[in-house]
Amino acid sequence: MATSVSIWFVLATILCSLTAISAEESESKEFVLTLDHSNFKETVSKHDFIVVEFYAPWCGHCKNLAPEYEKAASILSKHDPPIVLAKVDANEEANRDLATEYEVQGFPTLKILRNGGKNVQEYKGPREADGIVEYLKSQSGPASAEIKSAEDATKLIGDKKIVVVGVFPKFSGEEFETFMALAEKLRSDYEFGHTLDAKHLPRGDSSVTGPLVRLFKPFDELFVDFKAFTVEALEKFVEESSIPLVTIYNNDASNHPFVIKFYNSPNAKAMLFANLNDESLDSLKSKYREVAEQYKGQGIGFLLGDVEVSQGAFQYFGVQESQAPLIIIQNNDGKKYIKPHVKADEIAQWVKDYKEGKVPAYVKSEPIPQENNEPVKVVVADTLEDMVFKSGKNVLLEFYAPWCGHCKKLAPILDEVAVHYEKDPNVLIAKLDATANDIGDEQFDVKGYPTVYFRSSNGNLTPYDGDRTKDDIIDFIEKNRDKTVEQESLKDEL
């Protein structure tokens, strides 16, 4: 995600009283601590609250974040108590174990470490200086704020965010402790408050004395109460209640946190893409909401996306805007089901058929090449079965991405390998664009590019992780190809 950089100008009159020396010292001072494998644990253990950025020097997003992160560190150094920001070069070989320990899967990754590093949470706040400062101030304080007045409630709850409030007859006892444990666990995702008087709250029964949890949200029924006080039950309640019945994906930035929650949900995902400004589609949207209500709590979430902002989704799923209005349902196993040009009166039956397993899965595939005469043969999703699994050949298959620099370096080497085997009818060198084709077979574990697999003619599948040279690849093929089947075939020909 690109980070917008805020630029702040400092008035010269503020600086005129400072000496040139002090100004130079201020400019040269770095407030972000630099950590590595040698001092990480010792430094973290000394802090009850510290934020660590795991970055890579080559990462563009990290470069954009750097001045904002440094500015925030400067401001937070004056907070009472000071809030410390640190960074680790996770691309450095010596720091790789740290990156693995903290489950760093992309750059930049920011973690909030509490209690000397015993508790670790994802940083889920803004990426510009002022936003970082405000978010970390709230995260460094109590997990839940006491609401003593209507003014306190108004300031905390607002009308565009989710806030979880506990109502209690007293701030003690098992239920209160459970609520505070929940607040501590989920504080990076939600804001929490607690009160002795429900009359302070803007919505809901003001006469209740609790204990109960009231979740305020800017959609659907606007609030919902819950009374089962275990951390597990409360967490499930909060997670399920904080996703709209139908999540809206459009240009309104206030909807985007809910879109992220929708895609992070473990549920199957139904997505209707249409022109949300077209009033003639109101009946379609209304019927879609009715279906969402019908399947509430049955393991499927619903999203309504505007075609104007959904181009990335169209590309990912391999569909066209001209097919809208269309519904796409994606299961957790990656299988997709598509209904293009859907009409209002078709939605309920189609979703019912999907739930009953009557809708065939959709496989994204590039068109089958009309000509496939290059040394390295092109495989697409629709030809994967025939060219790799049913060909009876020893197949070296590269999964690549067109934008991948490592793939581009490997391409001429694979060409040389393919030319080497050009006259060998039992060996095929092939490639598949993994960004444009679904890989239906679960035997392939493609997590990065390029990923190379070798399937021998007798069915043995082996990932290739050797050096990317012509000789090494040929040696690997010769060691793993099925020569027994080839020898038998040769005897039959003789």
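Glycine is treated like the rest: Cβ placed from N, Cα and C.
Here the candidates are CYS62, CYS407, and TrEMBL names CYS407 as the disulfide partner of CYS404. Counting Cβ atoms from all protein chains shown, CYS404 (disulfide bond) has 16 others lying within 10 Å of its own Cβ. Residues of the domain 'Thioredoxin' (338-482) grouped by DSSP class, helix first, strand second and coil last, total 48 helix, 28 strand, 69 coil.
Look at the disulfide-bonded residues CYS59, CYS62, CYS407 and count other Cβ atoms within 10 Å of each Cβ; CYS59 has the fewest. Each residue contributes its Cα atom, and for CYS407 (disulfide bond) and CYS59 (disulfide bond) these two points are 19 Å apart. Across the structure, CYS59 (disulfide bond) and CYS404 (disulfide bond) place their CA atoms 15 angstrom apart.
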